[in-house]
Each structure stands twice: as C-alpha cells, then as structure tokens.
C-alpha cells in the first residue's frame, strides 16, 4: 500500500495499489488466451485522477500488445468495466467489492483489455466480411463469447448486433441459421438480451419467417425462442402478433400461415413441432387483453381451416398427450370467449362470460352514431349494466364550473377587471343559499359593471389621446432616419388627423431647467433645448424601456449612506427611534423628496447575525484544523428599522437566504488542513511590445488610395451640398474627414495653378481643390457624420444600461444564485469556525482555486454537489443571467465618456448648423436638420437621466448585497459583472460534470439490476425450478443417481436453472475444450433427427441449451389453470368468433341448406 491510504474507516484513499494484467483479445473469436503475465505486477493508481490519464503508464508497465486508444480496465473477477473518464473515487459507489478487498489489505486485480465497443465492432465486421468455413467458425464461437462476458451482451444489442445476425442469416443456409439461433438463444437467456429482442421487431419477424423453413431443427429452435419470448412478458404477445401481420403484409400470405402449415404437416410428421406450435398459439391468445385482438387471431386461423386441423388431430388415435391437451385448450378458450361453455375444464373455478346488456348495446350504437369515443362510456360490471347516474352526475358540475374555472383572459390589464363578472355570475349557488345572497351578488354585479364601464371609457379616451399625440412613436422615440424624414416645416406632408405638431410645440414650450442639477455647465451659449421638461415623458429609448427608473433614483444612495453613517459614529449604540421603525432624519443639504414606490435602501445593513449561518450546535465543537476561506467578511452593523429594500423583502440579500445544513463531519475530513505544497510562482508577464509607427506618409498616395473607394469627385460635391446619404456612405464621410484640405495645401495648389495654368492638376490636387470650393466643408462633414453616427452611438450607450438594469433584476430574483450563496456561506462558516453574515462577492473568483486535501477536488465541485442535493431543480445560473454576462464585456467608464462625447458632438452639430445658415441652404433641408437636432437634444438629455439613475440603482444594489458605502465606491461595474460571469460559467461547467457523473452512477445502478441476470431469475420463470418433472426424461447430468428421491431431483434442477453457465469472467477456454467442459445433456422430448439433417446440425447441448429446453418444457407442460381465458375488454358486446358466427348466427334452415350443420364426426 502506498502512503495516504486509509483502510480502517473506509474513507477515501488517494493512492491504491493493485495488480495488473492484460488480455490479448484483439481478435474476439480467439478463445484460448489467458491474462498475462501469470504473476501479475503491482501498480499504484491515483484515486483522484481520471483513469484515462493513468492507462498509458499501465500499458507501458505491462508491455501489452494492445492499441493504447482501444484499452479499457476491467475489475477481476467481477468483470465490471471502469469508466476511463472518471477517477476511482468517483466510481467508489460501483466498486464496493474492489474497495472491500483494499480494506482487508489485499490487492485487487485489474485487467487491461480491449474496450467493449471495439470488440463488438470487430465481431460485426468479421460476420459481415466472412464467408464459408470462416463464417461457420465465427457463428459457432459466438455463443461461447456471449457466455464468457456478460457485459458483451448489452453492448452487442445496442450496436445493432441483432440486425447483423438477421442480415447474415437471411443469406445463409439452414446450418448457419442453426448457429445463429443458438447464439440468439444465449442472448435471450440474459435479461439484457431479451429486452433487446423486445425492442427489435425485425428479430421476431425473422423468427416467425424461419417457422416456414425446410429444416426441422431450424423450425424447432425458432419455435422455442418464440415460446420463451411470448412467455417472458404479457406485453410481448401483441408484439409477436404485430410481427406476424407485418410478415404477412410483406409476403402477401395470410397471417399465421407459417404456423398453420406446420399443423398441416406438409413436411412430415413431428409431434414436438405440433406441440410447440399449438402452445405458441395458446400462449399468445392467453396474453391478449382485449376481445378484438383475440378474435382477430382466431378468425385468421379459422379462415385457414384451424377447426378441421384440430378435429383431425383429436380424432387420430396416436396423438401425443401434450398435443391433445393444447388442442383441447384452444377449443375451450374459443368456446369460453363465445359464451358456449360456463366452466373451463380443469380450471377449478366457475367463470361466467360477461353478457352484453341492452344498455351497453344502446350506448355503443349511440356512441358510434354520435361520433363519441366509446372508451369514455362506463363499462358494466360482471353482474349487470352500469347505472346511468354516473355520467349525469359527472357532467353536471363540469357544465356549471367550466366557464368559471377557465376564463379567457383579456390581453390588456385594464380589461382584466371584466373577468370578475363571469366568475360571479357563473358560479352556481348551493341549494341552501338564501335569497339575500342572490340580491347581494346582483348588487355586486351592478357595482362592478358600472366601475368597468367607467374605466373602459377613460381608457378609450386616454388611448385616443396618446394615439393622436405620438402616431409614429411606438412606446419610444423614432430613429434618426424617421426624424430626418419628418421635418417640422413641411405641414403638407402630414395628415389632418395627426395633431403631432401641436403636441411637439407644446412640449418644447414647456421645457424648463431641472431643479436638482444642471445637465451641462452653465454658459451663455446654452440653448433652451437642453433644459428638461417639468413633466418628463416616459423613459424609453428606442425599444428599450426604462420607465421603472423613478425620480427617487436621481439621488445616489452612497451619499445618503455617508451622511447617515457620520451621524451614527458618535452614538455608541443605534438610536432608539430607528429601532422603533421611524425613518432617519433627512441629511443636509436636504435632497429632493423621494417619490418612488419603494423606500431607499437602508443607510447601514442590519447587524444581527443571520440564523442560517450559525452551525447546528450552539457552541462550536472542537474540530481539526481546516482549510480557511480568505473572503472579505461583511460587517453588517446597525439596527435600522427598515425591513425591506427595492430588491427584496429584506434589507440585504443575506437576510433573505434560506438556512442550509451541511455535513460538517464530511467537510472536516475533506478540507482538513495539511502541509501545503509550494506552488511555483507565476512568471511575470513580458513587457509590452514596442509598437512601430509610420510617420509622415505621403499625402498624395493616401488621397489616391482613398479615392479608389469613393465615388467620382463631382458626385461627392453634389452629395455634400444636398446631404445625400445614398451617394456617400458613413465610411466615405469618415474618409473625407481625414482628407480635408488644409489652408496651406490650398494656397500651394493655387500658386502652382497660377504658375502653370496650362498644366492640369493631378488627381489628388484636383480632389482637394474641389473640396475646398464647397462652403462650410468642415461643418457639413461634421454635421453629416453626427447624423449618420447618432443611432449607433445612442444604442451603444442605451443597450448596456438596459442590460445592467435587467441584470440586477435577474440576479436578485434568481433562486439558484441565492442557494449558491447560502450554501457557500454555510460551508465557509464551518471551515473558518466563524459566524459571518455574508461575504463580498469578489470571493467568487477564488472558489474554483480552493481544493480539498483528500480528493483534490475544487470547492466549486463540492458546492455544485451540495446545491444539487439541496435543490435538484436548480439551474446552471449562467443561462439565467444573460444580461449580466453581456455587461461583463462593456467598459462602463468608457460608456460615460461616450455619453459625454455624444453631448459634445450634439452641441457641435448645432454650431455647424448655425455656421451653415450663413451659406446657401435650402429651407426644407434646414428645417429637417433643425427638427433632427432638436429631437437628438431631447433624447441625449433623457439618456443622461437614464445613465444617472441606472448607476445610482447599481450603487443601491451593492448596498443590498451587503457592501459598505466605502467598498461600493471602489467596485467597478465591469469588474463586478465579469466576476459573476466567470463564476457562472465555471459553475455551469462543473455542474454539468457533476450531473454527468450522477447520471453515470444512476445508469450503472439501472444496468446492475440486469447485468448478467438470467431470465430464469425473473418472476415469470421463477417457478420453473420448482416444476421439475420427476419422469425418466430428466437429464442425466441433473439427476444425482438412480436411487435419489424427488427432493434431490428438485434441488439439482433448481441449481441448474438458477446457476449462470459461465460465472468466471476471464476463464477462457479453447474450442477443443468446449464439449469436455460443458455437461452433455440429451434434449428434452423426442430427439430423433431427421435423415436429411447434416451431421453438423446435431450439436451437443450445453448448460444453456438445457436451460432453454427446460423453459420450453415448462411452458408446454403448464396446467390449464394458467391458461384459463381471461375477461377481456369488449368494444362490441355482440361480437363472436368466425366459427360461431358462420354456424350459430344463421337460421336452422339456412344452415342446413349451406351444409354447415354439425355432424357427429365434428364433436370435440
């Protein structure tokens, strides 16, 4: 054993020492190999590392001739395949025997071998590509391969192995088909294989098709497998019928024709085949749940002469006893379902056929005529028809309470009040209700109706006013293109129904300076358009709604906290008025009155420790030294009476967290403080790479390069004069701003042109002179650039602010985030031995860095596990805070600068417009520009209000999270959002891994329920061992001796059926040893092989063949009691079998005329 292991108390071990061997199974059909080397060497495995990372070392140690990428580890002798993606500790639940060996001081053995999927693919490739003797040997070995590795069976089924067997068997002769049926029988003996056959309908169809084979051995084996399949579960009978009908529709033959041909004995007489066939039919009929399915099967058989076949075999003197029993059973089941007999022979009890009543017939006809579903009509019991009171009483309350229970709600919130009246009027009053309650309800209806009419009228009037005031603004402001296209001085373009000009004029006249603080520095050049209106409109920028930002958020709560904190410093204890709930006195200078719906956040968070952060016991017990969490503890002091905040019902987030109990003993063990390894210090990053800059580029080349992407010079001049944005794009305007001619360049070009008037100017010089000829060029370009940039600049500012506002709401309302904080706080309080009320969220960056000292798993991994245990319905957190994750990519300090730049550019655009007024400017163009700049000024002012209120809300949000005002001032929005984003991303990744691990464990538990389990261990076949026949047909290997009694025979039979044929995983044998190592047992029943069968078809049977024969024998020998007709569902009460309809449903004279009367030779 390596150091660090603990065998005494079963605690996790970090390093385990095992013995390792390899098994050369690259060729899955090579059955003569043994694990090598015979003396297994020892190897130390790290229990905390994934096994996939440790397999190369094991591979090198053993020198295994296997491909490294195809290797897997198998535990010996249990045969469990380890998951290479997980560590040993993560698979501890599935390795109880493995760790039990370690606890006893032993060294378990691991086998390095080929993965199951690789071996199965090799088997399928060999079967598909082989032919002749090689295919014959492969099919012969397939059964033994399934016997030796029980984990290979489900992998073979899941890898389309059944389809491979069917495809190979369809193109092979009967000898190959016999080998395939032997392998398929071995598969079906396992529960996993049987479930795979149940889910693969093609296998059942192929088995039914083989019933028509010319080889008796193939037919007999196929019938055996079908018998076991139908007997395994009652749900398999409909699957078998569906397969029969599918084959019949494909081949064009009648259903059940293959079984009827066996009963007709076209290929010779074989009593065993007849017994199996009739038993299969009886077992299928006995498992059918409804009468229609029963009659569909029997009618198809009767149409092919089943009655004549039954009578012929019953009339023969030498008919086998088992065959006679099954035939009589078929006849009695048919007669019992038709109601011709009242008691099943041998059933031991009387069973009356359910007679269809007249009420049931009427009800069925009514449902057929009315198009109703017959399944909803109550079926009568065995004693008589159902009472009609049930439907009447059940539909009565539904009709009364239906409209009231599911009203159709109106889309608008105002019209939702009308919903009250159907609830009042439709709700039925009780029989004992008085007349006074009726009058009271009517009075309430009248009052509510009057109030609703009043509100609807007011709403309609308000809606008309709003619709007339803002016809082109849907809850926000039009974009720059709409403002540009709708100038104020173009009244002819407006419709006479739109009073928007008057509303805008009144709004502009009502502009007044903000009483709190000016938005821009006071200057004599400031225009009135920068002043805010007294009654500000709804805060919305484009499609972003900021209307929930109230005027109370114009004041920064950090300033309020500072003033109130200063007042509280001299006092040794919180003042009594604050404890009684009275709000604190206003600070100096007095701020504007708070008008918002929520009170401001408290000046200082509550000081009382939270109950959920205290450990379970009142006094902390003495414990071992644990790893400490170096978080910054929140000092929640003060006893303010404010009990609610804008973000929740409590003053702080920590006060609203639910208590979380953690396993302190497990945490104490996992995070026990140990010698810390010296981690190498991180190397300092290299210095910044010096940037190479190119100075003094040639002006001419730069202009010529720019001209390649610009329109011709004359087009540029016309576009600049008319502000034609279709001729010059936004990129073109930016290039023109960099290519504007300077005064010095213009003078040099003019002097050169005067000196040489005959020589034309070059392209660059001509371009600069053309631009210089445009009056107010710089003003035009700046105004035009502002017009094109405004929408994008406004959205770049508004969208992050909106995301921040929504992100705070998402985080506060997120239940997963609260659970994470509560769990982490409880864990940290235990590890630190403290009673902290909370911690700064900046510690979330370090949660993934803390690791336990046992398994070296991060604290985040344990946190995910605890959260999933506490709240399995919790989310991954990352997908629920998308707004904050987007905010993590935005520099809000730069956003503030961009907002200031937008204001400055807006003022500069106004100055440019004033300077352009000196030049020639069309009146319509000037009106459009003036209208556009006025609207931009209003929107910039509104954007400034939104920015201020969102930032103040973020400060209040930090106070709600427990930050002090001093700490909140140091928090940057981008850094805060980045911390939450990175933590949420790591939490999602770790949570997915934990869920994947839990899913693998659950899959293992489900897989272990059927892993290697035989169908003889299921409830259906559990009585087979107790029904061992005490006749001379008992196998020789089962009987202990000629003088033994029934008790010994029963014990040996039970041990044979319940024992697995090959329980050892790695005890591989050569093919020459198969016959000698397996008990040779004769087949049950007649074993005389037909002369046309080849010598290789009579194969020696082993234990699995004997088990299959005993299962079939138990099915055929079952008593009539188990096959008594069951009470089936009836969709039509008067349906009879085809035989009874043809004979009993006609008149006596017509029956005699058709020659259908019963003769003496047809009596059963």
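Note that Cβ sites are derived from N, Cα and C of the backbone, with glycine treated the same way.
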Looking at the candidate ranges 846-883, 884-921, 922-959, report the one that Swiss-Prot labels coiled coil. 884-921
Going by Swiss-Prot alone, which of 573, 1078 is annotated as phosphoserine? 573
If I look at Swiss-Prot, which residue among 498, 1119 would I find recorded as phosphoserine? 498
Can you check which of 284-314, 439-469, 470-500 Swiss-Prot lists as region 'Disordered'? 470-500
Quickly, which of 395, 690, 1083, 1141 does Swiss-Prot have down as phosphothreonine? Just give the residue. 690
Which candidate, of 358, 367, 1131, Swiss-Prot gives the annotation phosphoserine: 367
